[in-house]
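Pulled from Swiss-Prot, these are the features on record:
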- Asp136: active site, charge relay system (ACT_SITE)
- His196: active site, charge relay system (ACT_SITE)
- Ser551: active site, charge relay system (ACT_SITE)
- 29-105: domain 'Inhibitor I9' (DOMAIN)
- 110-606: domain 'Peptidase S8' (DOMAIN)
- 365-459: domain 'PA' (DOMAIN)
- Asn24: N-linked glycosylation site (CARBOHYD)
- Asn115: N-linked glycosylation site (CARBOHYD)
- Asn126: N-linked glycosylation site (CARBOHYD)
- Asn162: N-linked glycosylation site (CARBOHYD)
- Asn437: N-linked glycosylation site (CARBOHYD)
- Asn601: N-linked glycosylation site (CARBOHYD)
- 1-23: signal peptide (SIGNAL)
Amino acid sequence: MAIAFHTFLLQLLLFFFASFAEANDSRKTYLVQMKVGGHRYGSSSGHQELLGEVLDDDSTLADAFIYSYKESFTGFSASLTPRERQKLMRRREVLEVSRSRNLKLQTTRSWDFMNLTLKAERNPENESDLVVAVIDSGIWPYSELFGSDSPPPPGWENKCENITCNNKIVGARSYYPKKEKYKWVEEKSVIDVTGHGTHVASIVAGRKVEKAGYFGLAEGTMRGGVPNAKIAVYKTCWRVIRKNGREDSVCREDNILKAIDDAIADKVDIISYSQGFQFTPLQKDKVSWAFLRALKNGILTSAAAGNYANNGKFYYTVANGAPWVMTVAASLKDRIFETKLELEGEDKPIIVYDTINTFETQDSFYPLLNEKAPPESTRKRELIAERNGYSILSNYDEKDKGKDVFFEFAQINLLDEAIKEREKGAIVLGGKSYDFNESIKLQFPIASIFLDEQKKGKLWDYYKKDQSKERLAKIHKTEEIPREEGWVPTVAHLSSRGPNCDSFLANILKPDIAAPGLDIIAGWPENVKLSSDRPANDYRHLRFNIMSGTSMACPHATGLALYLKSFKRWSPSAIKSALMTTSSEMTDDDNEFAYGSGHLNATKVRDPGLVYETHYQDYIDYLCKLGYNTEKLRSHVGSDKIDCSKTEIDHDADLNYPTMTARVPLPLDTPFKKVFHRTVTNVNDGEFTYLREINYRGDKDFDEIIVDPPQLKFSELGETKTFTVTVTGISKRNWNKNRAFMTRNTWLTWTEKDGSRQVRSPIVIYSIKGPKACM
């Protein structure tokens, strides 16, 4: 009897422990969006009161409550069980309860390439009063790039966690997933353990450092776009180990919102945001709404467009596409890394551009050993891993040491053991499983080169030409060389493209602008190995590193915007307009959905002539005209004064934007007419006359474009003029076809009468080819 009772008691205890564990495991982080007005739960204490009313019996506020937001979001974040979430969703005060998403991070001649050289005129006193908010993976504060002699801006309150603020880093706070269960790879501090945040911050505002470089490559002076500006760090991305054992970066949406909350309260001058999520509808994109609140407070946001284009194949992938955000695509620089594989007896080497080899292989040629598959041999070999018919071998005979080894492979991480075994050798790589392009640079801790399928074939032809003798090869150290004469900026294949699938944003051209994002050398934490993800056996450390992506393009745009702000105390939209309308033309004429207005160019950015001003209320009116829900809009922006019910719905509503874009309906052979209304502001003293010019590319893409009036006359600074652009045509089958949409495009340029100023705006009319185009 006693045994049975003890068994029952044990089972009962196990049941309660299991129930408790299950309840904890079922908790997930949610964002609770509140309605505005009409209830008592609007404050932080009100949020906690509401949450306390719906908690399960065995839960406490300490278990559930995470953040209350003031500036960026109307509501709070909490760790909820499914039942608690359901209770909250039924409350009349609550608008929406949604999962906090995990967003993704998007990676010294680049400033010279944009014509912002060391000799460029600067305003150091004003520049040193500017603060950039870098919302990223933290910072390595001990880098020489992050020193400064000038004090923080007047009235600025230094807020630094775990580190001591200095005259360059004037803020450093961290926001980590408080309720999510992860195995942490790093300590909960602002110190950067991935290198991403350090790299980004140094591109924007790193101070001048002589003799910077990367193992002898691209040596020169490293500096940010605004080397005198201050940096406020808001760490939202962390390295963790997930349940499947994989190490990954976690950038939770609730933490990002809290970082934006604090950045707005701190009154920073600009936000640099190199994170994002492949296309998110505006109604669900809470981070974008937080950036609208930042704009209301005079803060421009520069954000990465995303790295989701898959070698230029995927459109409809642009991230951070709200019109109040400056969305930045990644471009190639005017110099390129070239690596040669020299084959003995051959006149021409094999040349690749997707490898960085930092090792000298002296002057000697080395035997080329084919290890595509286990050869029939008595030598002992161990098969490390095999995937889809590709293999990697180790435990080679000593006599094989120092030979070039040719591997076909399916996954880079399979190379780790091979690299460890042959740390003095060289590896030649090739395979069908990787579709590499100029956007990704492979590098390993031994002499190495990557060959794509075509160039691998050339090596095979050489290898098999005469098998009676040993084949010899030599990998040269990578060199940085200028591109061919006449080269103009090109969009990187990884950079995400428009158009925007969201019906509320269909008539906004995104990205806005392109900036250097490929092979960018910038600051790096000395405690972080150069290849933070792969291979596992790379333990090299440097003060600088090479990274690629829209993450690197974004801080270039941030830096140029701050540079302009150091001279002009303009509104966020005026600064954005100046960057867009003074940009340089790019190649791929019909691909504005890849690069927007063009490529950043500092030459004329301080004197754009005219700017397109778009104020906070303009965005509200625009969304109301498109039929946005009043209650949701009030909650998104945190104001009960908005009332869209009195606004007449107009699905052709226009925004005073520096670009002119419209989606016109199919079917084909249907006439269309689109009218754009624009207002420009004169930003110069004196009298000026601007003449309109339509820049057709080849055959005229439209039946007719009428600009009324054809000239604009200004007599004073700040004067505004309004004009209309009427575009008519027929949606024909011979339009340029780009994946799932068809487009026609041209440019409107307002040219000052003496030719000294040009204000360029692209005109893009497009149709999507079917309902699945945006899926």
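Positions of Cβ are set from backbone N, Cα and C atoms, glycine also.
The two recorded residues, Asn162 (N-linked glycosylation site) and Asn601 (N-linked glycosylation site), show a Cα separation of 38 Å. Distance noted between the C-alpha atoms of His196 (active site, charge relay system) and Asp136 (active site, charge relay system) is 7 Å. Asn162 (N-linked glycosylation site) falls outside any helix or strand according to DSSP and counts as coil.
As a summary of secondary structure, the domain 'Inhibitor I9' (29-105) carries 23 helix, 26 strand, 28 coil according to DSSP. Comparing CA positions across the recorded positions Asn126, Ser551, Asn601, the one lying closest to Asp136 (active site, charge relay system) turns out to be Ser551. With all protein chains in the displayed structure included, the most crowded Cβ environment within 10 Å among the glycosylation sites Asn126, Asn162, Asn601 is that of Asn601. Secondary structure at Asp136 (active site, charge relay system), taken from DSSP and collapsed to helix, strand or coil, is strand. Ser551 (active site, charge relay system) is 26 Å away from Asn126 (N-linked glycosylation site) when you measure Cα to Cα. Across the structure, Asn601 (N-linked glycosylation site) and Ser551 (active site, charge relay system) are spaced 19 Å apart at their Cα atoms. Every protein chain shown contributes to the tally, and the Cβ of His196 (active site, charge relay system) ends up with 27 other Cβ atoms within 10 Å. In the predicted structure, the domain 'PA' (365-459) carries a mean pLDDT of 52. Following the DSSP three-state reduction, the secondary structure of Asn126 (N-linked glycosylation site) is helix.
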